[in-house]
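Per Swiss-Prot, the feature ATP binding site maps to His17, Asp179, Gly180, Lys181, Lys250, Phe251, Asp259, Arg265, Lys266, Ala282, Lys286; the stated evidence is sequence analysis. Positions annotated as Mg(2+) binding site by Swiss-Prot: Asp19. Under the heading K(+) binding site, Swiss-Prot lists Glu45, citing sequence analysis as support. The L-methionine binding site annotation in Swiss-Prot covers Glu58, Gln104, Asp259, Lys290. If you look up Swiss-Prot, you'll see 104-114 marked as region 'Flexible loop', on the strength of sequence analysis.
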Amino acid sequence: MSEKGRLFTSESVTEGHPDKICDAISDSVLDALLAADPRSRVAVETLVTTGQVHVVGEVTTSAKEAFADITNTVRARILEIGYDSSDKGFDGATCGVNIGIGAQSPDIAQGVDTAHEARVEGAADPLDSQGAGDQGLMFGYAINATPELMPLPIALAHRLSRRLTEVRKNGVLPYLRPDGKTQVTIAYEDNVPVQLDTVVISTQHAADIDLEKTLDPDIREKVLNTVLDDLAHETLDASTVRVLVNPTGKFVLGGPMGDAGLTGRKIIVDTYGGWARHGGGAFSGKDPSKVDRSAAYAMRWVAKNVVAAGLAERVEVQVAYAIGKAAPVGLFVETFGTETEDPVKIEKAIGEVFDLRPGAIIRDLNLLRPIYAPTAAYGHFGRTDVELPWEQLDKVDDLKRAI
């Protein structure tokens with residue numbers, strides 16, 4: 001333990017980070033297919049490297065025009081991120097785009113289309129007919145540390161990353177380039193955030209920028225101070241924060257020219273910044289029949305409503321599935337001693353209020369829509385800039401009644 005207290009760190013990255021370019025492409029392809037055919041089955045993985053994009057995976061869809069237009073969808077998203085010139089290391093208009101997509105395996109499709117409950121047990125409920133697209137375990141988490149009920153380190157790291165992109169795109173700091181990362185270290189006493197210890201901001205920039213005279217003061221004033229003023233956290237002292245701006249020095253070579261990128265390689269950034277556990281499954285490029293995505297969203301929905309209902313100050317919930325089965329094989333609730341009701345009662349109430357069969361999750365959260373591209377950067381949970389169905393607090397009263 002540090003003399004400053006217990007130090008916890010989370011990181012975020014901007015939409016121009018190579019891995020996030022891949023997440024954005026995968027989710028843009030998903031959205032394009034869902035917009036034309038909401039029943040599309042999509043599992044799309046992307047790789048980017050110098051001058052090249054490779055999009056592979058499995059898709060079953062009736063959206064023939066959207067499928068044929070995937071190359072243009074890829075290029076449009078890269079350009080929207082800001083890679084529009086070889087001077088920035090990547091150009092969506094001229095990069096090579098290779099598509100290698102096949103159909104979903106019929107062996108997987110049979111378990112999703114006709115779940116074990118319907119196929120073997122003769123269940124008549126339509127929601128018993130859609131099985132989980134894979135086995136796996138998914139976690140959801142919520143904590144009353146911020147208005148969005150997220151851990152403070154990841155919430156602050158995401159705000160800094162979003163602000164980096166804002167000042168680049170709106171011309172406040174036009175010399176910034178799309179690639180960037182942020183990291184936040186916060187000191188805790190008795191699980192209360194008391195001091196902002198260290199902030200690291202690394203951002204790609206134009207070659208002719210003086211780091212000490214221009215970049216460092218601009219980032220402090222236009223990015224960090226703006227975010228901290230907006231945050232205005234009650235218990236967090238930011239007066240002595242150590243700020244490290246581009247601690248390696250210049251950062252001109254970035255994006256896919258600096259590092260290759262892959263879909264699904266920022267799963268901790270996507271979720272809770274390491275503060276809560278993770279089941280291991282990535283989100284981007286997957287349609288909601290994949291419980292890696294839809295069930296993780298559902299568990300965030302569960303956790304957030306439990307905390308908002310005042311049943312616990314923080315809660316972590318786990319659900320698990322067997323491939324081809326509709327009903328979860330496991331549900332686990334951890335309240336870390338912060339509960340205001342018996343944890344057994346909380347778990348029972350969750351089971352009564354939330355239907356965690358994949359078909360029910362898709363129905364209740366209305367997931368067969370093109371809503372996924374905005375989630376590809378800056379986190380899937382606790383977003384303050386976009387409205388997402390799994391962030392709604394619509395089950396608070398139901399949980400209170402069930403208790």
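Yeah, the Cβs are placed from backbone N, Cα and C, and that goes for glycine too.
Known features from Swiss-Prot, placed on the structure.
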residue	record	DSSP class
His17	ATP binding site	coil
Glu45	K(+) binding site	strand
Glu58	L-methionine binding site	strand
Gln104	L-methionine binding site	coil
Gly180	ATP binding site	strand
Lys250	ATP binding site	coil
Asp259	ATP binding site	coil
Lys266	ATP binding site	coil
Lys286	ATP binding site	strand
From Gly180, Lys250, Asp259, Lys266, the binding-site residues whose CA lies within 10 Å of that of Glu58 (L-methionine binding site): none
Cα-nearest neighbour of Gln104 (L-methionine binding site) within the listed binding-site residues, Gly180, Lys250, Asp259, Lys266: Lys266
Cα-Cα distance maximum in Å, computed over every pair in His17, Asp179, Gly180, Lys181, Lys250, Phe251, Asp259, Arg265, Lys266, Ala282, Lys286 that the record assigns to ATP: 36
Same-chain residues at least 6 apart in sequence whose Cβ lies under 8 Å from Lys290 (L-methionine binding site): Ala43, Gly133, Asp134, Gly281
Residue pair Glu45 (K(+) binding site), His17 (ATP binding site) - Cα distance, angstrom, rounded: 16
Other CB atoms, at most 10 A from the CB of Asp19 (Mg(2+) binding site): 22
Cβ-Cβ distance under 8 Å to Lys286 (ATP binding site), same chain, at least six residues away: Leu30, Val42, Ala43, Val44, Asp292, Arg293
Lys266 (ATP binding site): tally of other CB atoms within 10 A of its CB: 25
Candidates Gly180, Lys250, Asp259, Lys266, namely the binding-site residues, that fall within 10 Å of the residue listed as 'Mg(2+) binding site' by Cα distance: Asp259, Lys266
Surrounding CB atoms that lie within 10 Å of the CB of the residue listed as 'K(+) binding site', all protein chains: 21
The one of His17, Lys250 whose CB sees the fewest other CB atoms within 10 Å, among these binding-site residues: Lys250
Mean predicted confidence [pLDDT] for the region 'Flexible loop' (104-114): 75
Glu58 (L-methionine binding site) CB neighbourhood, other CB atoms within 10 A: 16
Cβ contacts of Asp259 (ATP binding site) (under 8 Å, same chain, 6 or more positions away): Pro18
